[in-house]
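Heads up: the structure comes next, in structure tokens.
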Amino acid sequence: MCRFGTFILAPSVLCAYVAYQQQVISALPQTGANTVSAAVLEQVTVTRDAHGVPYIDADSMADVYFAMGYLHAQDRLWQLELQRRLSAGTLSEVFGKESVNYDVWVRTLGLYEVAEQSKAYLSEQALASLQSYTAGINDFLRGQPTLPVEFTLLGITPAPWRVEDSLAWMKMFSLSMSGNLEEEIQRSVALKTLPKSLFAEFFGSELAPSESLDDGQVASLSGLHHTIKQLETDYKIGGKHIGSNAWVVSAEKSASGSAILANDPHLGLQIPSLWYAVSQQLPDSQLQGMSLVGLPVIVFGQNNHIAWGGTNMEADLQDLVMEEIHPEDPTLYRYQQQWLPFTERTEYIKVKSDFPSLLKPTYRDVELKIKETLTGPVISKAGLPQAVSLRWTALQEKDTTYEGFFHINHAENWQQFKQAADKIASPSLNLFYADKQDNIGFTGAGNIPVRERGTGILPAKRGVEGDVWQGFIPKDEMPSEFNPPRGYIINANNRNVASSYPYHISSSFADPARAERIEQLLNTQSLDLDYIKQMQMDVKDLTVSKLKTVMETVVAEDLWQQEALDHLKAWQGNAHSDSIAATVFYTWARQIYRVLLNDELIPAWNEKAATRQLLGLRGRVSYDQLAELLAQNSPLCDDTNTIETESCEEVLLSALDRTLILNSKLQGDEIDNWQWGKFQTTRYDHMPFGKVKHLNKVFSREVATGGATNTVNVAAGFYEKDNGFIQNYGAGFRQVIDMGGRYQFMNSTGQSGQLASAHYDDMITLFAQGQYVSFESPKEASRKLTLTPNQGQE
């Protein structure tokens, strides 16, 4: 975990914090002012509704995109700054030595280098949209606003925004959606450490690796894996629970007689949210939906003709490549039948001194020498006999992903939508579609590798062709569906193609339970918008039944155990926040995993980085697999640390005892007080102050919640000893769109990143309750911002 104590104790910081009330209030944006700008072409008005959602009214798209930049800077300036530093690998300049590993990792990837390259492949219109957006951010900064309190606490000021900042953030967002690298490292460590039989329990007996990394590389990549996991923890970049739900319903199944689209993307939860709701009004058209802070376009939403949403396809877009280094010249690696020199670049990472800086030595810049092959950067440590490089779709020079989203915003029909989706390179998405003519569809988007050999589940050696990839799945063969006879299309990160599909997409599709539950609900009644909203809040867990049945076989040894079992036996699998049985099941299941598997997964050599990864494998065993192991009295039930031979019945009882004791420490001995919402909390961490004692209480927010990892209303995260289950992954927003004219949504936190704003957290409770608001232009004129062109401009 990042430690920010180096600046928190500084007297200047404490003084600034004491005076923060005045600071945060003065930093609030002027939402009812008249601002003269040399960059705006015609007058632009921005009216905000009761939740701070802006409605832009302009005469040109150039002015719309300018206003988007201005608004993002008004409401989310600290978020823009942090995202830029994450993408550029400059966190250490602000947070000191604790962030060096992050910066080394991101600099090694070279996101800005490829962002600058991909800029050359944008059309004039797409590039102009980014330039207008950039001008809007910088115009706001030129007005010398009072900066958000984060800048004061950290003693920094923002630099002017650049087009490359937006493109690099898209790369970082793609990194967040691509978890294959982490999985390959984890599999490699498991392959080196676990017996074949246990390896097969986690990854399947069909996995027959022909190559493996040496011990040095496993150790090197284990350290990198730890950095990647900490990036997830501290900055919500990546994670196995990144996903989404989306479905479209035909007019025939809709109560309104129009097609309906529903979508709720699942990312790391934070405050402010990654998403920013906005309406863009032109004289002859309108766009509404959710933008990503850092980009001017609507990512998911609707225009006058179509609506769109999306889910993570979970495609395998990253491969580790084992490079053969010349035995006599370490500057060369084998490519095809020749030895090629590594390309090298040098990066310098500035590191902030520890507090107090006047008494502490100044850190030298970290000099980072990065090697690259023709297909990607070397990500393993130098000096080892075997180098490992990364092949990743987002590191292509010709990346037109932004171009794709730009054209989706202006698509008028299925054909134009598909053509725009084909421009997306990374991440890989299932893009959902509905239009005013009541057509529905989905299409795959992104460059999905066709491998020379294998499926990318473990590191690969280069073949005679040199590259481990032969190309990408042809766009006309990508998964796609249009107006199916069943009248709906669903995806919840589950497998999106039939077994006969000729290309490999992924070995890491999500459990189909969410998709199956959505399908159950779609087949129950006539579908209106209110029912669709209820579906998005559904917490029925289809994955629990087999394990629940095994749990119910336990013969209670005391009244406490019997009371827990009685609650469980009456449970129907709904993880409502007021459910006691849900608490019994999920806390007991957690202990079963630990009692059953911990002794098998902690390696004898006890290398910490490897141990963390191996213990993480527990999450790969589904409830059904766990139930099968227990029902068959698997040898895994025997604790290898004791001389006795334990049975699976003993595992269940031991786990139940631990559960009751731990639960009582959190909520007392009375099981009737064990409602699930008391044991599971949704946490919206501020970055970075969510990890800083005392400041986290000021900047972060929490709310009791229901749901579970495999419910439609997803709740995924981790367990904290003193607080129970902490949900830090889930829906970042929800939207439901009836093509007959109703568009309702809710952001997860609020529109503003300004701490003193009424819209910093005004959506959190509403979101937890399953409430929605509509895109309806407010009539109240007192909150109107006007951007006026400078008439004196030559």
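Glycine is no exception: its Cβ is also placed from the backbone N, Cα and C atoms.
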Annotated companion of Asp316, Asp319 at the Ca(2+) site, TrEMBL, chosen from Glu184, Glu201, Glu412, Glu452: Glu184
Residues within 8 Å of the Glu184, Asp316, Asp319 Cβ centre (excluding the Ca(2+) site residues themselves): Asn180, Leu181, Glu183, Leu317, Gln318, Leu320, Arg391, Gly456, Ile457, Leu458
Proximal but sequence-remote residues of the same chain as Asp319 (Ca(2+) binding site) (Cβ under 8 Å, at least 6 apart): Asn180, Glu184, Leu390, Arg391, Trp392, Pro449, Arg451, Gly456, Pro459, Ala460, Val468, Trp469
For Glu184 (Ca(2+) binding site): DSSP state (helix, strand, coil): helix
Sequence-distant neighbours of Ser244 (active site, nucleophile) in its chain (C-beta under 8 A, six or more apart): Asn263, Asp264, Pro265, His266, Gly309, Gly310, Thr311, Asn312, Asn491, Ala492, Asn493
Count of other CB atoms lying within 10 Å of the CB belonging to Glu184 (Ca(2+) binding site): 24
Chain-internal residues, separated by at least six, CB under 8 A from Asp316 (Ca(2+) binding site): Asn180, Ile448, Pro449, Thr455, Gly456, Ile457, His504, Ile505, Ser506, Ser507, Ser508
